[in-house]
Amino acid sequence: MNHPPQTAVLTHAEGRKASWFELFFDLVFVVAVAALGGALSHHYDWAGLAEFGFLFLVLWWLWLGHTFHASRFDEDRPDQWAIGFAQILAVVFIAYGASDASGARAWAFAGGVAGFKALLMLGYLREIRRPGLSRLCTIYGAIYAVQAALWAGSIGVEPTLRQTLWALALLLDVATPFLVARETHHAPPHPEHLPERFGLFTIILLGETAAAAVHALDHGPELHGDTLAVALMGAGLGFLYWIGYFRRARGNAERHIADAAAGRSLRLWAYGHIPLYLGIASLGAGTVYLAHHIDLAGPAPWVFALGAACAMTGVTLVSLATHGLPLSSGWPYVLVALIAAAAPVVSSTAPVLVGSILALAVGQIAMSLALRRMG
């Protein structure tokens, strides 16, 4: 394989778009996301949500690590494809293990993540000779090496130790942006390419809401009116979050990092996607579950409502970051999200619950449009 040319990375080239390989790479994550969503739909309770949330964050940070690396260094070269193909194989193992990551398939999930992290390490070390980027690449390489060791070391150990090692690895993911903050100005992510990749991942998750509607209709011996209502309204929520993200929040708008304030705004924008993505994925799994559990009982309606509140809050955070608004200006939208979280109190059946949340989502978008016209 040829080594990359020893020149400074051109992160602000005009017209930078996701490559065909990146589109292929993103679509592979559909398999892993679907596997996690399927597991949640079968265990739609607090324990299932906690496990889903943790595993989803692990998966998302893998995608995020690849995305930031590609935004800085991808030149659509064959040697980069080779590393990418290997990462895709790692995602295959992750998707296989996702359906029982805390049980018999933990080895596959951990092994896949370890392999992916090791390949991220290799990707950064290959760029270490670029002018001015040695320290940035060294820090990233060291972090990914430690994470790969933690995930690999968790294979075959008893569950408590395994969960501890996984948690430590995820904490490193959370801390990484702050550990490299002083170096990222040497190679900032591309202002057009990065939002496009986030937008593509958002579309992947929104597509899963449509797939969830299909599964909701297909998982019973007969099609009942209540099941049809839940499935269609669940798909409707996906439509509304598409409008909320791409039209209200403008989540895919260009993001330029010219100073420290812009860097903080980028972090708010990026981390705002966490509740958005968790919420959308949870709602998809909940649509499948509630379509066949019409009479509300147990934690399921609260899990669904919490997912809606998270998605609404995520859209709001992304919108505030995109438009450069203070956090305090988002309180009307957060209030709507809190009302959505309490929707099970006044909901007797699944169609009533999903319909109530659908109405609140419509109201949130309408309020945003009204305030924009007034402002």
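Glycine is treated like the rest: Cβ placed from N, Cα and C.
In TrEMBL this protein carries:
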type: TRANSMEM; residues: 20-40; note: transmembrane segment
type: TRANSMEM; residues: 46-68; note: transmembrane segment
type: TRANSMEM; residues: 80-98; note: transmembrane segment
type: TRANSMEM; residues: 104-125; note: transmembrane segment
type: TRANSMEM; residues: 137-157; note: transmembrane segment
type: TRANSMEM; residues: 163-180; note: transmembrane segment
type: TRANSMEM; residues: 200-217; note: transmembrane segment
type: TRANSMEM; residues: 229-247; note: transmembrane segment
type: TRANSMEM; residues: 268-290; note: transmembrane segment
type: TRANSMEM; residues: 302-323; note: transmembrane segment
type: TRANSMEM; residues: 330-346; note: transmembrane segment
type: TRANSMEM; residues: 352-371; note: transmembrane segment
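As a quick check, the transmembrane segment (200-217) and the transmembrane segment (104-125) miss the bar of 3 or more Cβ pairs under 8 A, pairs 6 or more apart, so the two do not touch. Ranking 20-40, 104-125, 137-157, 163-180 by CB pairs under 8 A with the transmembrane segment (46-68) puts 20-40 at the top. Segment contact is absent for the transmembrane segment (229-247) and the transmembrane segment (104-125), given fewer than three CB pairs below 8 angstroms at sequence separation of 6 or more. Residues 65, 69, 106-107, 110-111, 113-115, 117-118, 120-121, 124-125, 127-128, 130, 165-166, 168-169, 172-173, 176, 179-180, 183 of the same chain sit 6 or more residues outside the transmembrane segment (137-157) yet have a Cβ under 8 Å from a Cβ within it. Remote same-chain partners of the transmembrane segment (80-98), defined as residues 6 or more beyond its termini with a Cβ less than 8 Å from a stretch Cβ, comprise 1, 21, 24-25, 28-29, 31-32, 34-36, 39, 55, 59, 62, 66, 73-74, 105-113, 115-116, 119-120, 122-123.
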